[in-house]
Structure formats: structure tokens, C-alpha cells
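Chemist: Sharing the feature lines straight out of TrEMBL:
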type: DOMAIN; residues: 1-239; note: domain 'Glycosyl hydrolase family 59 catalytic'
type: ACT_SITE; residues: Glu88; note: active site, proton donor/acceptor
type: ACT_SITE; residues: Glu164; note: active site, nucleophile
type: DOMAIN; residues: 247-361; note: domain 'Glycosyl hydrolase family 59 central'
type: DOMAIN; residues: 398-571; note: domain 'Glycosyl hydrolase family 59 C-terminal lectin'
Amino acid sequence: GTEPSHMHYENDENYFRGYEWWLMKEAKKRNPQIKLIGLPWTFPAWIGKGENWPYDYPDVTAYYIISWILGAKQYHDLDIDYVGIWNERAFSSKYIKLLRYTLDKHGLQQVRIIASDRLWEPISFVLLLDSELHEVVDVIGAHYPGTKTVPNALLTKKKLWSSEDYSTFNDEVGAGCWARILNQNYVNGNMTSTIAWNLVASYYEELPFGRCGLMTAQEPWSGHYKVEAPIWITAHTTQFTQPGWSYLQVDGHLEGGGSFVALTDGLGNLTIIIETMTHNHSACIRPPLPHFSVTPQRATFYLKGSFYMVETLQVWHSRLGFESGNSSLFQQLYPVKVWKGSFSLDLNVDEVYTLTTLKTGKKCHCPEPPPPQPFPSNYKDDFNILNPPFSEAPNFADQTGVFEYFMNVSDPGDHVFTLRQVVVQRPITWASDADQTISLIGNFKWVNMTVTCDIYIEKQRDGGVFIAGRVDNGGIYVRRTKGVFFWVFADGTYRVTGDLAGEEILMKGLSGVRDNVWHTLTLNIQGTSASGLLNGYPLWENVTISKPSNGWTAIGTRSFEFAQFDNFHVE
């Protein structure tokens, strides 16, 4: 889905939109040492001045990014530690150099630059050729590197990160994937950071990449959530290390397969993490995983130098139970005695061990979350909220465009508080955004439904809005979304289409709808038939619907245009 920018338009700045500010503050409460990184996926259109490209006016792009970093500090007291260039898209050396210059000019020397959040090449090669660029890039970030790096990346002597990884369904196999790459990204690829996309699966599960988060919290209406296995795999590393700890340069391959890493804080503490994930239980979503074998083994570790004096290590253990179906996750075992600098462990397959001098590990026993509930089958929102905690209405999932709470100061009547679509130019896109805007809500499994919403077209002549049911897609596939779409246009016509693109026309005619007047649309879908009402009177009926057979409801606009919605109701 889409997220709201801090600058929708050139003269617009707002550092209270979306959920990211809240999320960063919550993260800092739990671990003040956590690092914060900014990376743009998409840019608002005004940055490109009409071109779908962010580098023609690099000073404008740099200004946009630096505004966000300064806003984080000024309004939320958040220090951004790193900033990226453009997610999985081209980089511009000229822009990167200007970004560094502009950061420094604003006293942001401590903000480091990651490039280029795509593959190891061509960034590594370019860094070796361009000494000026080499000076300003602090970290080479690659996405889904499959635990491997390339010679040029090593030659740069830069920090190497897997700056996006995982993206895998969060069952036991997802946990196995995460356990394996957390270790092997360093063991095989010298990467000292691995970042999971995404943190928490808090979006409708039937959207693309459903449940590809470290845990699941996709029912805000019930409060139900699930702390999935990948969270406890994460704990094996993150409860016993911190940003700033160093990896010991040892060969971390185990003889019987699997891997280990060792880290220290430089103050005498030592943490060793071991994983023995088997091939079939640890494949990530990408890249394909070459075959390897892991067998039960006894491993002996030797502690030398200052670690020779360590006498005991705390032990935390997970076993992913695939055949049995019952996993044991993040359990504290008896400490291991170190005898003259060595100790041995019997390792089975699909296990994770943490051995550490730290005694701070803990597994919380929290109250059970509320039981799961389907989305309410009768749901209303009149958007009448004076000081909303977030800029967007709950449960609406924007897929193209941004729908925000709006206050009509000039409206004395029933529509002072509304929901407004506010993106009025097609952004510099990352994925294939639709040409229309759309926000989804409800239950993907719904079949029969009545949707009612008050609508207000703001764009004269060719403006238009829709309400829809049985909507079947979103995310990166939003352009091919199907459903039953009831459109009204500022020119006084209406249409019923079977797709968001508006190409499959099921019915059309005159409605008398005008811009800058409130109207009420009602869409009723029962079995294979749909009908529509305008201001409570039938406008069209008996339109035959073949597929999709089920889906969400939605609201949206014909183009990137201002429009308002009020008194949304679905049954």
C-alpha cells in the first residue's frame, strides 16, 4: 500500500502523517540504541517537475530528504542514523555527493549514507572508480543477497549490509530462513547487518506478501495478534548484542553443516549464535537456495585471548519442530561450563543456540491477546473526529493515493469532518501504481454486500469518484484489480465497471451528478447481480456479475484528484 509523504506539495510540510513517527518512537522506548534508517520508495511528483525521475533536480530531492530528517528531530526528537538513495532503483552519483554536502551544511554530519539498496553492482564498481563517491558512501546495502557478496564489494573496504532481506511467510520455514540468513549473511558474505522486510504484518493478509512480517497483527478491530517464531529467532541475536558490537573474524562454517557467529562489545562480553537449519526448512522467498546438507554433530569451541578466562556461558535454545509440529522457542537451558577455554555441544538439525556472558536474556510471559474476529459485518465511519491520533482513518488500506482526515471549515452542514484523497499528481513511482486512487476496507471473503458513502467531487469537468465491492487485489498488482466499481463523474454520467482501470464496462448512463455537491452512492451486490442507488433512488439494476466472487469494499477517484468521502457504511 501507500504511505503519506511529509510534503504532498512543494509548499506543504507536515510531520504528523502516517504511522512511521509513532512506530519509531515506540521502537526507541523499547531499545534506545536501535538505529533508524530513512529510505524513499516513491517521491511526490513535484520533485521531478513532471518527469518520473528524482535526479533531474538533485537539489530539490536532497531538500525533500533533509526536511524529513530535520522534521524527525524537531517534532519527535528522533535522530535518523542512516539515509538511503532510492529503493531498488537507479542511483545517481551526482545526487549522492550533493546529498552528503547538503546533510553536512545542515549540521547532519552524523547521518551516514547507504547505497544503493539494490544489488552489489554497479555501486561497488562505481565506488572503486570514483574516489569522491567512495568518500561519501558509508555502507553498501544489497537486497536479498542470498548470503553472498561480490569481490568488488569487499575491495571497497566498506561496511556491507543486507539492507533488505527475509520477506518470507512467517511460519516455521520463515523462522528457519531468518535464522539461517542472520548468521550466514556474515559467515558467507561479510555482512554486519541484516534488515527484515517487514517488521509486523499489519495489513490485510490477502494483499501481496501477506504475513511476510516477523510477527502478525492484522486485526486492529479485534486486537488479536500473534508473536510468530521469527520474533524468537530475532531474540537469539538482538537480546544479546547491540548496534556497535563487533563480529569476531572466525570461519563460522560448522563441519556438519550450519553456522555460527561470535560477537563482542569490546568490554569482555561474548555472544555466540549457532544455527543448524536444513535446506527444506529454511528457504526464503528469494533468491533460490542451492542444495546443502546438515547432520547432527558435536561441536567444540575454543575461547582464546581475553575470552580464555570465561568460566560459564548462559544458554538459550530454539528447536523448530517441522515433523512434530511443536517447536520449542527461545528457552533458557542450564549454563555451559567452560573448561580451560573450551566447551562442546551436541547439535541437532533445525536448532538455534545462543551462548553468552550476558545474564539479561528474558522471555516475557504476556497475557493472551484477544481472540481473532472477522472484520465487523456491519461497519460505519462518519470521520467525525476533532483530534485524530493518526492522519488516516482506521482500517482503510490505501493502495494508490492517500486518504486523510479533512476538516471543511467552509461547510456549515453535515460534512465538516470528511475523508479526503489528497495526492493530485501521479508520484515518481516505485511499483506500478494505478492511474486511479483506491483505498480498501473490509473482509476479502465477503460475497454479498451493500456499500453506502456520501461523495463530493472537487475536480470540475473530468473529475470522478467510485465506491466498489468484491475488490480482489492491491499492492504491486493494483493496476490489474477487478471488482464491481460504481463510478460517478462531474460531467453528469455514471459507469459500472468490472475493473479499477475502467475498461470492462458493465453499464453506463446519465446520473445528474455534479462537482462540488454532496451525493450519496449505494452499491448492492447479491449473488450474480448488482444494483446502484443515487441519493436513495435506484439509478441502475440487474447488472450481471460473473467474477470476482468475493473481495473487499473500496473507495477512490478517477485520477489523482481531490475528492471527499463521508458517512461510509458497509453491511
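Count begins at 1; order follows the chain as displayed.
Each Cβ is built from the backbone N, Cα and C atoms, and glycine gets one as well.
Just so you know, TrEMBL annotations are computer predictions that nobody has curated.
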Chemist: Which of Glu88, Glu164 has the fewest nearby Cβ atoms, counting only those within 10 Å, among these active-site residues?
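Modeler: Looking at the active-site residues Glu88, Glu164, the Cβ with the fewest others within 10 Å is that of Glu88.
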Chemist: Within the domain 'Glycosyl hydrolase family 59 central' (247-361), how many residues are helix, strand or coil going by DSSP?
Modeler: 8 helix, 51 strand, 56 coil
Chemist: Round to a whole number and give the Cα-to-Cα distance in Å for the pair Glu164 (active site, nucleophile) and Glu88 (active site, proton donor/acceptor).
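Modeler: Cα-Cα, rounded: 10 Å.
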